[in-house]
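Listed in TrEMBL for this protein:
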DOMAIN    1-92  domain 'Coiled-coil protein 142 C-terminal'
REGION    92-116  region 'Disordered'
Amino acid sequence: QILLPVLAASNDPAVTNMILKLICESWLDHIYMNKIKFSRDGAIQLLLDFAHVKIWLGNCSIINQTMKKKLIKNEILQRCEGVGKLLLRRPGEPIRMTDKKTEKSTQENSDSEKTEIMPPEMYVPNQEQWLELRAVKKRGFLLPKLCCNEF
């Protein structure tokens, strides 16, 4: 709701793109600077929140179609999605260099039409620092060591 007047104020794609970038970077900075920890469910919710930005842009009536296409392809949205996906990873799990969806679609196309798209995680420059924001699973109870040798 807050973005509508801001987006309506400019028909310039560069300005609108910059506004989107500033908003998303502020969102990511807030998460990172406050060291917010994410459980698996929290990371899934964050991914859904990031995905909703694309949905909102697609449904926004004050943005023309050309601008919508440019905004939805913005690298910052890829980075947001990448952060969410990084928070879902297990420690040490490698990142695939190509996207599974892209591999399937390119296999159906001829060799001349193949294009490789990086997965969203590859748009995140400081991956190791983001991985530190995963919540640590707590396993079981800490029981005191019972040692009774004297009876």
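Note: Cβ is positioned from N, Cα and C throughout, glycine not excepted.
In the predicted model, residues of the domain 'Coiled-coil protein 142 C-terminal' (1-92) average a pLDDT of 86. Helix first, then strand, then coil: DSSP counts for the domain 'Coiled-coil protein 142 C-terminal' (1-92) stand at 68 helix, 1 strand, 23 coil.
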